[in-house]
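Below is one structure, written out as structure tokens; comments come after it.
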Amino acid sequence: MTTTQPVTEPPRSLGQAARERLGTAFGPWFLPTLAAVIIFGLMVALRPLVASPTGLNLVLAPLIPLIFAVLAQMFIIAAGDIDLGIGSFIGLANVVIAVIIPDSPVAGILFLIGMVVAYAAMGVLIAVRGLPSIVVTLGMSFVWLGVAILILPTPGGVVPEGIVSFVRFNPQVVPGVIIVLTVVTVAVALFLSRSKYGAVLRGSGSNAEGVRRAGWSVIRAKVSLYVLAAVFGLLSGLYLSGQTGGGDPYIAQSYVLLSIAGVIVGGGSFKGGEVSAVGAVAGALVVGLLGSLLQFIGVQSSFQAAAQGLVLVLVLVLRALVNWIQKVRRTL
Amino acid sequence: MSDQSPDTLVVQGVSKRFGSTLAVNDASFTVRRGELIGIAGHNGAGKSTILKVVNGTIAGDSGTVTVNGIARSADTTVAHPEKLGVRTVYQELSLCASLRVDETAAIFDHSARGLSWRSTAWHNLRTVLDEMFPGHGIRKDAKISELSIARRQMIECASTMIDSTVRPALVILDEPTSSLDAASTASFYAYLKKRAAEGVSVIITTHRLHEMIDNLSRIYVMRDGQVLSEQRAEGATKESIVTAMGLAAHESSRVAPIADSSTVTTTDARPTTASEVIVRLEQPGDDGASEVFEIRKGEIIGFAGLEGHGQLLALEAVYRASARRSGAVRAPRRTAHHAVSVTGDSAYVSGDRGVRGIFPLWDVATNISFSSLGKLTAGGLVKPKAEAALVHEWYSRLGIKGQSTDPITSLSGGTQQKALMARAMAVGSDLLLLEDPTRGVDQATKSEVYELLRGQAAEGQTIVWYSTENEELRNCDRVFVFRVGKIVATITGADATEDAVIALSFGGQDVAPIDLEGAVR
């Protein structure tokens with residue numbers, strides 16, 4: 001009843017091949033990276049000293065904790081979830097490092113490990129019971145904050161000298177921030193985009209059932225993502241502690257929404273599985289540098305938040321536009 | 001591992017109860033090594049359930065399942081059926097939209113490890129793909145979300161046949177060909193036969209009965225959870241299977257004369273009515289002059305051709321060109337091949353109900369009334385009585401069983417599709433656009449759908465219908481056959497036999513499929 005015809009691959013025009021290459025080159029990370037470069041370029045144009053090693057350190061160092069927070073959030077968003085507790089979690093890590101570790105390093109490290117285990121348990125709870133992550137993480141955020149306040153009711157404490165000098169490590173040749181930024185970005189990007197388990201993790205966020213049917217443990221994948229998020233949350237807390245030198249339970253409250261904004265600006269999507277490490281770091285830079293740039297331009301501080309928000313919306317609109325253009329080009 | 005037993009699968013006395021319904025009732029069957037068998041039955045007959053018990057996804061209540069000579073009680077589940085050589089393609093697709101094709105391949109292929117895991121996995125998948133679907137046109141760096149349903153289905157089917165760490169022994173395919181065109185389907189079965197000769201056993205369920213008869217060795221027929229009869233494919237006919245399924249006399253009432261491709265009377269069928277023109281498609285002809293195709297009020301028009309030759313694109317263009325209000329006109333819409341102008345408004349029904357259709361969290365009533373809420377309101381608020389009346393009317397017209405307050409996901413796939421049709425029809429638009437609406441729907445429901453469409457057309461609704469099942473095109477008044485994006489023939493529904501449509505879609509010299517829909521979603 002049916003005819004089988006040998007069908008060969010359709011001939012491709014040169015233009016088509018070029019379009020395809022363009023399509024893959026414009027990964028989700030492209031636009032946020034471009035935006036970060038433009039913002040940084042504008043800052044250098046306004047204040048050339050920004051490009052000096054000292055200037056780079058001054059501008060970028062405060063962003064390192066935010067970058068870690070955005071990467072933590074990225075793992076949770078990769079799982080198709082949202083973490084509303086990351087700010088309080090980082091605050092607790094900061095307090096533990098500033099108060100418990102100076103007295104008893106062993107107890108402090110055990111405490112931090114316990115926090116990672118708690119995140120893993122949260123992942124199990126969300127994966128097995130199907131609870132909405134937004135509720136679980138919001139609830140846990142009060143726990144983190146409450147414990148932090150119990151340990152340290154008012155800002156104080158002293159971060160051990162070793163941690164401070166580790167965080168402020170700044171060799172003469174290359175600024176320390178650049179080293180940290182590069183190492184972290186490359187490591188996370190390689191793991192997430194180029195390793196097989198990274199693909200499984202991203203896949204589990206977009207179609208958990210499909211990944212399970214292919215013979216992988218979805219619960220293990222979820223726990224892995226939550227553990228990674230916790231580890232990056234701790235790193236964020238470590239850098240915050242080293243930079244401020246003291247403890248404050250409320251220190252990272254603004255990171256909750258900033259980290260979500262960073263991931264989304266960085267090409268991530270709430271659908272799950274759609275994340276890019278390079279994009280997330282670039283998104284964090286965009287979110288973080290915008291404030292400095294607006295200050296440089298002389299935007300009044302009362303307008304800064306609004307201006308910042310508008311630029312973020314602009315980036316998202318551009319991204320939608322790029323997606324649309326890509327779709328139209330492929331359709332032709 | 002595979003020498004000890006001539007039977008790959010022995011199912012004995014398996015039963016499974018869901019609440020008050022006995023989904024599978026004392027089912028027994030056998031699949032020999034290297035055999036292709038089919039399981040036929042209408043939606044809800046228990047096919048999917050028995051297959052899930054076989055591969056260990058769900059636990060049965062009683063009975064035993066023996067795979068490759070290793071028996072297990074059916075009331076246990078299996079965490080990793082792939083380690084036993086059992087592979088499954090489910091009806092609802094299970095690929096991860098966010099991954100690339102080679103990453104997807106690696107997730108299925110546990111043998112792809114090390115630094116070159118992506119290229120290894122892609123190499124293994126591509127070897128199967130190239131043979132199973134020549135000219136598939138799938139690139140390794142394409143994202144799954146960018147591929148058409150047909151291409152995703154190809155990847156799923158091919159991934160069951162790769163030689164991973166454990167070679168496939170028993171492959172279970174639940175409606176594998178529902179979005180594939182005739183040529184891909186043929187090469188797919190040719191590949192299955194080749195692998196069967198090497199000792200792989202395959203179980204297939206499909207509603208395309210002729211596929212089973214032409215390609216498989218035996219067919220088990222299920223009804224109400226029981227395996228009722230076993231037919232050898234050689235002796236079986238569509239009628240014998242349909243009779244066994246208990247669907248006697250449910251066949252299409254509009255029997256078209258059986259014609260082979262040589263008896264197509266004209267490839268330029270004129271509109272069947274003289275009523276007003278609703279859709280006008282214009283395309284450049286070979287001689288430079290433009291060709292115009294008109295669709296008139298009350299006609300049922302089929303869009304046919306090989307998968308990916310522009311039917312879907314044209315259907316979407318018609319949808320986008322249609323106006324917001326009944327009878328209104330908008331500026332013509334241009335695609336790469338057509339200029340489309342439409343008089344009146346339209347409603348669209350997609351066969352991909354999971355993604356583009358149902359609201360899974362809502363009940364059936366809201367799913368039906370949703371598109372009509374605009375005309376059911378007073379002062380911005382929905383009138384509950386009018387809504388209930390509308391839902392009630394469509395419940396009885398479509399013969400949907402159950403309560404309208406049930407969640408839509410509690411219905412079977414075919415019934416969900418009926419509810420989607422009801423939603424679109426209840427709007428009462430000038431034009432009804434159908435994108436493969438009977439994908440994965442059983443014969444009885446299909447017949448009801450055809451009946452319903454004829455009723456709508458008689459009431460003056462114009463219907464444009466894209467179908468991958470050439471057989472159902474006979475229910476159309478006219479069929480437009482597409483090739484490489486353009487309409488190459490218009491034939492009457494009576495002429496639109498499977499052979500005629502295939503002959504026309506393959507006509508001319510250019511048989512290379514081009515990627516038109518692949519990129520659309």
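The backbone N, Cα and C atoms fix where each Cβ goes, glycine too.
As annotated by TrEMBL, transmembrane segment applies to A:29-50, A:56-77, A:84-101, A:107-128, A:135-153, A:173-192, A:223-240, A:252-270, A:277-297, A:303-322.
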I'd like to know if the transmembrane segment (A:223-240) touches the transmembrane segment (A:277-297) in this structure, counting it as a touch only when three or more C-beta pairs sit under 8 Å and are separated by 6 or more positions. no
Which range out of A:29-50, A:56-77, A:84-101, A:107-128, A:252-270 gives the transmembrane segment (A:223-240) the most CB pairs under 8 Å? A:56-77
Quick tally over A:56-77, A:84-101, A:107-128, A:135-153, A:252-270 of CB pairs under 8 Å to the transmembrane segment (A:29-50) gives the top stretch as A:252-270
Within-chain partners of the transmembrane segment (A:56-77) [C-beta distance under 8 Å, separation at least 6 from its ends]: 43, 50, 83, 86-87, 90, 133, 137, 170, 175-178, 180-181, 184, 188, 205, 225-226, 228-233, 235-237, 239-240, 243, 252, 255, 258-260, 262-263, 266, 268-270, 272, 275, 277, 280-281, 283-285, 287-289, 292
Please determine whether the transmembrane segment (A:252-270) and the transmembrane segment (A:107-128) are in contact (criterion: at least three Cβ-Cβ distances under 8 Å, sequence separation 6 or more). no
